[in-house]
């Protein structure tokens with residue numbers, strides 16, 4: 001959408017900083033909203049700075065946005081449910097779609113009556129947004145094992161989860177740097193003692209990355225956290241192999257894994273994941289997000305159901 005020159009002039013006259021924000025948003029009302037967020041959040045980020053110094057940071061932020069630099073990296077945070085997640089370049093920005101399904105799952109887990117801790121595995125934790133929300137909101141005693149291949153992501157996840165623990169009272173967390181596609185023994189060892197697997201893996205194919213993602217995602221967010229081989233399905237195939245092998249190697253009665261939640265990116269992908277787990281041991285259901293797009297596959301053990309789906 002091309003903004004009429006007279007509208008550009010009106011924006012500039014109202015506030016020169018709105019013009020670079022418009023270049024990022026392509027929407028005058030969104031540009032004004034971002035201006036409000038930037039002013040508010042930077043003032044909170046730098047409470048001791050002078051008015052002149054704050055103004056320089058605000059102008060610099062607007063110039064960065066004109067180059068499609070993500071707002072969350074500028075403001076260094078992103079709301080996620082009732083908590084705030086610190087953000088930095090090199091670590092995937094939490095999405096509202098993830099926030100939605102995590103809230104639903106935690107709400108269902110909170111209905112459980114358990115005395116022994118629930119063991120939760122968060123594979124591909126990234127910023128730690130999923131683990132942080134669980135720590136802050138799950139009232140059932142629990143221990144989380146958070147896994148990622150990226151040192152940078154894990155360092156940020158530790159920071160976010162430490163802050164979340166202050167909100168909650170019954171959770172603990174451990175962190176593991178693991179290449180989940182290749183270190184199968186370490187992953188299977190964690191799976192073997194977990195009741196719940198929560199996973200938002202890389203799931204975008206090379207073709208979809210080039211054709212469907214925003215320029216800000218392509219330019220600035222880590223491809224390591226976004227792209228997957230095999231049409232975007234590499235992680236789902238690998239994890240299903242791990243789980244099936246683990247169940248074959250161990251007596252089912254001694255494997256507590258009862259609930260698996262995978263985020264997915266399309267209906268086609270959801271059907272693939274569902275087909276990997278629709279068997280005698282598991283029941284898989286597809287759920288949509290608030291935009292009515294298929295977003296998660298929720299998989300439960302038929303002989304050991306934790307929650308109803």
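Cβ atoms here come from the backbone N, Cα and C positions, even for glycine.
The following features are taken from Swiss-Prot:
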| type | residues | note |
| --- | --- | --- |
| BINDING | 124, 125, 126, 127, 128, 148, 200 | S-adenosyl-L-methionine binding site |
| BINDING | 200, 201, 202, 203 | substrate binding site |
Non-local Cβ contacts of residue 200 (S-adenosyl-L-methionine binding site) (under 8 Å, 6 or more apart, same chain)?
98, 124, 126, 130, 262, 263
Could you state the whole-number distance in Å separating the C-alpha atoms of residue 203 (substrate binding site) and residue 128 (S-adenosyl-L-methionine binding site)?
18
By a simple count, how many Cβ atoms lie within 10 Å of the Cβ of residue 201 (substrate binding site), its own Cβ left out?
22
For the substrate site built from 200, 201, 202, 203, further residues of that chain with CB within 8 A of the site's CB center:
124, 199, 204, 225, 226, 228, 235, 263
Distance check, please: Cα of residue 127 (S-adenosyl-L-methionine binding site) against Cα of residue 201 (substrate binding site), rounded to an integer number of angstrom.
12
Give the sequence-ordered set of same-chain residues, not counting 124, 125, 126, 127, 128, 148, 200, with Cβ within 8 Å of the centre of the Cβ atoms defining the S-adenosyl-L-methionine site.
92, 122, 129, 130, 131, 146, 153, 157, 225
What does DSSP assign residue 124 (S-adenosyl-L-methionine binding site), in three states?
coil
So how far apart do the S-adenosyl-L-methionine binders 124, 125, 126, 127, 128, 148, 200 get, largest Cα to Cα in Å?
11
Determine the minimum-neighbour residue: among 126, 128, 202, listed as binding-site residues, which Cβ has the fewest other Cβ atoms within 10 angstroms?
202
If you count Cβ atoms within 10 Å of the Cβ of residue 127 (S-adenosyl-L-methionine binding site), leaving out that atom itself, what do you get?
27
Give me the count of other Cβ atoms within 10 A of the Cβ belonging to residue 148 (S-adenosyl-L-methionine binding site).
28
Cα separation, residue 201 (substrate binding site) to residue 125 (S-adenosyl-L-methionine binding site) (Å, whole number):
8
